[in-house]
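Peer 1: First, the structure itself, so that you have it in front of you.
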Amino acid sequence: MENFRYEIESMLQLVGVDMDVISVDPYSDEKLAEFVSELLLWNKKINLIGKSTEKSIWSRHIAESLILLPYVQGSTVLDMGTGAGLPGLPLQIVSGSNIEMHLVEKDQKKVSFLKHVSANLNLKNIRIYNKQFTEKGFDGAPLVNVVTSRALAEINQLVAWADPCLVNGGSLVLIKGPVCKAELEKFEESDLSDKYENGEIVEYKIDSHDVNIVIIKKK
């Protein structure tokens, strides 16, 4: 996609973000293009994204990841079940050294892709873990102030997995589908919800595609 810097700025303006307070890597255009190229190449060998979404990769995967940018600035971030590095890698590419990113993925083949593309793009402040999440976290898990996830599990399960890694005052920032309201209500009736403030749902639309961001802050 040509002139993706314009696309980034337009998207951030759409969500009401002042570009003057957002750190954007000056080489993010080229790095995002290379990331997409590598993702499509590797997708021929291993299942990183759905084949039907390849043609809309910029809106369906990249832009959808980057709507989290306002919520992670200056943070230590853990991306649970990152898969192809979504949303973690686009956030890290655009933010540069402004955030510290931890990517967690249990599939060894996907981890190989994450390590390959991170090295090729010379990404800094990033760690990759080949680990399985449990409700006790995982061996070597960092403490972070933001946990992200995209299309991984229900909110109840995501909070249980994230809780050991999330500091008090930190937040889960989750990309969810249309059933997120029911999932959030179910979580707020659970015992674990006592440790968290009431969740918030922020709705976005990208190229007629509805995207819901669920934000849950730990007390």
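Yeah, the Cβs are placed from backbone N, Cα and C, and that goes for glycine too.
Pulled these from Swiss-Prot:
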type: BINDING; residues: G81, L86, R150; note: S-adenosyl-L-methionine binding site
Peer 1: What does DSSP call R150 (S-adenosyl-L-methionine binding site) in the simple three-state scheme?
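Peer 2: For R150 (S-adenosyl-L-methionine binding site) - judged by DSSP and reduced to three states - the answer is strand.
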Peer 1: Is it possible to get the count of other C-beta atoms within 10 angstroms of the C-beta of G81 (S-adenosyl-L-methionine binding site)?
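Peer 2: Here the count is 21.
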Peer 1: For the S-adenosyl-L-methionine site (G81, L86, R150), what does the 8 A shell look like? I mean other same-chain residues with CB within 8 A of the CB centroid.
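Peer 2: Here the nearby residues are D79, M80, T82, G83, A84, P87, G88, T148, S149, A151, L152, I175.
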Peer 1: Please report the DSSP secondary structure of L86 (S-adenosyl-L-methionine binding site), reduced to three states.
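Peer 2: The residue in question, L86 (S-adenosyl-L-methionine binding site), is coil (DSSP, three-state).
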Peer 1: Long-range same-chain neighbours of L86 (S-adenosyl-L-methionine binding site), Cβ under 8 Å, sequence gap at least 6?
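Peer 2: In sequence order, the residues whose Cβ lies under 8 Å from that of L86 (S-adenosyl-L-methionine binding site) (at least 6 apart) are I49, H61, E64, S65, R150.
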Peer 1: Max Cα-Cα distance in Å among G81, L86, R150, the residues listed as binding S-adenosyl-L-methionine?
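Peer 2: Answer in Å: the longest Cα-Cα distance is 9.
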